[in-house]
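Asks: First the structure, then my questions, so here it is.
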Amino acid sequence: MATLEIRGLNKSFPHGREQRQVLRDIELTLHDNEFVSLVGTSGCGKSTLLSIAAGLEGFDSGQVLVDGEPIRGAGLDRGVVFQSYTLLPWLNARENIEFALKAAGRTRGECRRIADEHLQLVGLNDYAEAYPNELSGGMKQRVAIARALSYRPKILLMDEPFGALDAMTRHQMQELLTRIWEHHRLTVMFVTHDIEEAVYLSDRIVVMGRGPGHIKASFPVELGRPRHEEMATSTAFIALQRQVLKAIREDERQP
Amino acid sequence: MTQRSSLFTIGQPPGRRSYWLIGLGVFVLLGLAWYLSTASGLVPRLFLPAPADVLARMLSLAADGTLWADLKVSLYRIGVAFLISSAMSIVIGTLAGCYGFWKAASEPLVDFIRYMPVVAFVPLTILWAGTSDVQKFLIIWIGTFFQQVLMIMDAVKRVPPDFIGLGRTLGMRDPAILLRIVLPSALPGIWDALRISLGWAWTWLVLAELVAATSGLGYRITVSQRFFQTDTIIGYILLLGLLGLVTDQLMRAAERVLFRYNRRRR
Ligand SMILES: Nc1ncnc2c1ncn2[C@@H]1O[C@H](COP(=O)(O)OP(=O)(O)OP(=O)(O)O)[C@@H](O)[C@H]1O
Ligand SMILES: [Mg+2]
């Protein structure tokens, strides 16, 4: 079981001498094993919301609950994949995963075994000894995902993890992520700018609006699992994509 | 596309071979100018001795042991002072780069002292510590420590915030994040700061030895001035340049080994 509940959340940042509200009355529940994408215009507070859920950022009022328990800072129950790959450059791919496992309290032997398993999972067993600097962007993000999965967090939080990748690599990564997710069944919060990506990956798409950031609409994705590439051309897929886009656009028209 | 001469194109780094050829060429050219100006009698020997004279003098100083004694004392002084200064600045610079308290406590003070001319401290340090080694340590320390703290603080501040976020999401406590994420991440920057400040440390060493010493490379230069031994002076200045160059190259070599991970193997 792993649910993430955000209740009546408000958040403001100091702006000069005053406070500027960036999130207002956020109500959002991620059910067990649910894959939820968060979309919305730039600056509407998606990253801020994700950081708050991760426990990396504080908030003014409201509640963030994991399985009904209020969170106290960041923790191993919530894995985070950042847009910047955040692989530690002085450690090779395997050591980067082992680093997380060691922090999670695994023994040395376990670290090695689990790290290798997860490199295999993302198809990088041949690159176990490569340093981040020797890996392409897509490979780096695969290691980062392997690392975030390795210590079995109940919830995975991803902030535009594929935002810096080219279209081809991006497609491969989406394939990989659905495959892994359909296997492991985690609760996922996924921030993206790419609506097609959101539809392809998610069970539900949440649209955020600006001024200050709030939740505007929520669309269930009624496409079967497992997902495959051909679905992207189906009428249901395209219709949903349009609907989501329209919901986001409404926001842009306001000043 | 036509191949343009890359040596005179903006933004084109020179090739390895041409870099060394041109670099050495400049040295040879300057050496030649030196040789010609003395051999032709254009410049009096007293002001500028011939290259051969300088070399002969240095060889005789090496043979009678003076050179090695001077070198040993100077290396000892710069070694001790630089190690103390570096150890202190790594601790304080890292703390100031990480924690608000240490930043507020040290940055304004360091910024203030940094602008005080080191030379002005010489009389004071002589009053405090005479002409002992401690006085040399003090001058070198004053000249390098405050610069080092600022550079190391900067290197620590450049650690990506997401790295620290990663540590937090892995449930690591702040001291563990500092030791296992922040320090290794800032290490290449810290090493660079040390390498650059070592160059300055040589200057402060010689300054301290010029003014008040009874031994060392700088002392020998002052003594030689009294006896109009320009050959010794020039020989020692060239030696100091060489020592700076060698230590710099050693630090760079160590950097390539220590931070191998920054290079591509494939
Ligand atoms: N540390 C901060 N201090 C002050 N203001 C901030 C800070 N972080 C974010 N903001 C502001 O909060 C608002 C929301 O930012 P956030 O990064 O969450 O948006 P976003 O939806 O992720 O945007 P994008 O899609 O461009 O990534 C923005 O107006 C931003 O300027
Ligand atoms: Mg963002």
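Placement of Cβ uses the backbone N, Cα and C atoms for every residue, glycine included.
If you look up TrEMBL, you'll see B:20-37, B:75-100, B:112-131, B:137-156, B:177-194, B:200-221, B:233-251 marked as transmembrane segment. The domain 'ABC transmembrane type-1' annotation in TrEMBL covers B:71-251.
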Asks: Any residues 6+ beyond the ends of the transmembrane segment (B:112-131) with a Cβ under 8 Å from its own?
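Replies: Non-local partners: 138-139, 142-143, 146-147, 150, 204, 207-208, 211-214.
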Asks: Taking a Cβ cut-off under 8 Å, which residues six or more beyond the ends of the transmembrane segment (B:200-221) line up next to it in the same chain?
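Replies: Same-chain contacts beyond the flanks: 66, 69-71, 73-74, 77-78, 81-82, 85, 118-119, 122, 125-126, 130-131, 135-136, 139-140, 142-144, 147, 232-233, 236-237, 239-240, 243-244, 247.
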Asks: Which one, B:20-37, B:137-156, B:177-194, has the most C-beta pairs under 8 Å toward the transmembrane segment (B:75-100)?
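Replies: The listed stretch sharing the most Cβ pairs with the transmembrane segment (B:75-100) is B:137-156.
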Asks: Do any residues of this chain, six or more beyond the ends of the transmembrane segment (B:137-156), have a C-beta under 8 angstroms from a C-beta of it, and if so which?
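Replies: Hits for the transmembrane segment (B:137-156): 77-78, 80-82, 84-86, 88-90, 92-94, 96-98, 103, 106-107, 110-111, 113-114, 118, 121-122, 125, 128-129, 182, 186, 188-190, 192-194, 196-197, 200-201, 203-205, 207-208.
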Asks: Same chain, outside the transmembrane segment (B:233-251) by at least 6, Cβ under 8 Å from its Cβ: which residues?
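Replies: Distal contacts: 48-49, 54-55, 57-58, 61, 70, 191, 194-195, 198-199, 202, 206, 217, 220-221, 224-225.
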